[in-house]
Amino acid sequence: MSLSPDPIVIPGDLKASAAGSTAVTLSSPLSVNVTLHKEVAGFWVKVPCVEQIGSCDYEDVCQLLDTLIPPGQDCPEPLHTYSIPCHCPFKSGDYTLPEANFYLPQVDLPYWLTNGNYEIVGVLGNNGQQLGCLKVTLSIHTA
């Protein structure tokens, strides 16, 4: 995964690319355990889960995706152009998103999630079995 600029500015433009693969079909219930740390005075501090933001456990991301993008609706660009699904199940195989431009609108983030350096670790699972993980470090600046 690649994200730029650094820091990411909200609101603002974001360039992103990603590649990944799965050897198994990913289907409901697809859990994700997210651990979020923020750098504070040179130390990494775990951000608690508050209103489903922060270090949270999501029991079924498939249901969350269906809430964000109703089933039957086309996936948003650029996912649609590159045939990247946005609903479960995700078939086994390789997925690639070439560099694409996104606009990040102004969002009302809690004050503790604004400007700073972050480390995000996500662990994907199904029925207690760990299927994969992703670790991302990034900086955010809100206007």
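Cβ from N, Cα, C; glycine included.
The feature domain 'MD-2-related lipid-recognition' is assigned by TrEMBL to 2-138.
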Practice prompt. Give the residue counts of the domain 'MD-2-related lipid-recognition' (2-138) per reduced DSSP state, in the order helix, strand, coil.
Written response: 11 helix, 70 strand, 56 coil
Worksheet item: What mean pLDDT does the predicted model reach across the domain 'MD-2-related lipid-recognition' (2-138)?
Response: 93
